[in-house]
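A single structure is presented below for examination.
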Amino acid sequence: MVMQRTFVMIKPDGVKRGLIGEIISRFEKRGLKIVSLKMVKMSRDIAEKLYDEHKGKSFFEELVNYVTSGPVVCMVIEGDDVVQVIRRMIGNTDPKEAPPGTIRGDYALSKSENVIHASDSIEKAQREMSLFFDKSDL
């Protein structure tokens, strides 16, 4: 196994609904380490950078407005094969496709209010971490 770090963000609906502790607890029970954590109100500029790959898509504006609508909790999480482990733990973007026992399967309300974001590759994780954390935070 290879020790990796990834970026995870609890979205405004997860924060508003009081799911922060439950979500973090799931990661810790899985043996993953929270390296850094902060609650922020994301600027539009950062949101556009975070979701840059979706620029030009029909849902881009709604997504940016949503993630800037309230506080989010940003985390850097470390563990063996952590990118894939967390992707499996959070489940499909569409909660109808996310099995029970996954974070989205248990808590997501819709495709847009789906509680959580997690990087889907090491490269994206590094880019996304750098949007929210300085090297000294890690």
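Cβ atoms here come from the backbone N, Cα and C positions, even for glycine.
Values in this document were obtained by computation on a predicted structure and should not be read as measured data.
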Which of ASN65, ASN114 shares the ATP site with LYS11, PHE59, ARG87, THR93, ARG104 per Swiss-Prot?
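ATP site check in Swiss-Prot: besides LYS11, PHE59, ARG87, THR93, ARG104, the record includes ASN114 out of ASN65, ASN114.
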Please state whether DSSP places HIS117 (active site, pros-phosphohistidine intermediate) in a helix, a strand or coil.
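The three-state answer is strand.
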Roughly how many Å lie between the Cα atoms of PHE59 (ATP binding site) and HIS117 (active site, pros-phosphohistidine intermediate), rounded to a whole value?
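Computed Cα spacing between PHE59 (ATP binding site) and HIS117 (active site, pros-phosphohistidine intermediate) is 16 Å.
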Cβ neighbours within 10 Å, counted over all protein chains: which one of the binding-site residues ARG87, ARG104 has the most?
ARG104
For a quick check of packing: other C-beta atoms within 10 Å of the C-beta of ASN114 (ATP binding site), how many?
23
Hey, how far is ARG87 (ATP binding site) from HIS117 (active site, pros-phosphohistidine intermediate), Cα to Cα, in Å?
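Rounded to a whole number, the Cα-Cα distance is 9 Å.
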